[in-house]
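Noted in TrEMBL for the protein shown:
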ACT_SITE  158  active site, proton acceptor
BINDING   13, 14, 15, 16, 93, 158, 159, 160, 161, 162, 191  NADP(+) binding site
DOMAIN    7-194  domain 'Ketoreductase'
Ligand code: NDP
């Protein structure tokens, strides 16, 4: 059974990693997907993904759009509404990490992480609620992190951005519940992607593995499955929630 037949979904940061897994999963379930990437180096991957999604029988379009730029998000969402008709689901997934102990953390590093991870969620949500309010329905899913709940030495900017997403998510759920717009967050643990490449270098991942009751790192598809649940009517009575998808990780 397809759970998102003919719905229109946006996924930010989907040329690779978790975003790619989410875009694929939503398309497999019948959603038309507009997705973004930001770096020139990901242009080919984005074009390949667009073709892969279209082969699943849905409309798909890749956009090079910086989620940290309010203006670019406005242009992007306007184009999606013009091309696809509306926005039913928005997955704010784009994110970066620039890890450093606070003693060494520069103002630029701090600003980059907050802009890309947190302001991006404001930028996109502000745009997508217009078509959602018109349709009197919508599901917004924000990618937080278990680090935003628990904190982690050397990740203060990342943790702050991801904790900020949780506060934003809960507030938007309160603001827009009466319009039938749901807003939830996912807090992944350690998922195998480019962002966590260090887990496979030497024994770096071993300490973390010991803290994961399920005894392994997560897969992008496991975050995609949770996203599908929240995006579809399977999650119709959930809003303002944070789902930790982390194998029970206790850091
Ligand atoms: P990756 O580094 O593998 O991919 C990040 C994606 O985000 C890329 O497609 C990248 O685009 C895109 N992106 C980065 N900056 C921007 C921007 N300014 N505008 C638009 N797109 C942007 O990361 P993951 O897949 O691992 O992470 C995805 C999300 O999940 C992030 O928010 C991350 O914080 C979160 N997360 C990840 C965890 C993990 O263990 N991997 C754990 C918890 C949370 P491009 O390809 O063009 O560079």
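Backbone N, Cα and C define each Cβ position, glycine as well.
A gap of 21 Å separates the Cα atoms of residue 15 (NADP(+) binding site) and residue 158 (active site, proton acceptor). Residue 191 (NADP(+) binding site) sits 16 Å from residue 158 (active site, proton acceptor), counting Cα to Cα. As a whole-number mean, the pLDDT of the domain 'Ketoreductase' (7-194) in this prediction is 98. Reduced to three states, the DSSP call for residue 191 (NADP(+) binding site) is strand. Among the recorded positions 13, 93, 158, 159, 191, the ones whose Cβ sits under 6 Å from an atom of ligand 1 are, in sequence order, 13, 93, 191. A separation of roughly 14 Å, to the nearest angstrom, links the Cα atoms of residue 93 (NADP(+) binding site) and residue 158 (active site, proton acceptor).
According to its DSSP assignment, residue 13 (NADP(+) binding site) is coil. Look at residue 158 (active site, proton acceptor): DSSP puts it in a helix. The binding-site residues examined here are 15, 93, 161; by Cβ neighbour count within 10 Å, the least packed of them is 15.
The most densely surrounded of the recorded positions 13, 158 is 13 (count of other Cβ atoms within 10 A of its Cβ). Counting every protein chain shown, 22 other Cβ atoms lie within 10 Å of the Cβ of residue 191 (NADP(+) binding site).
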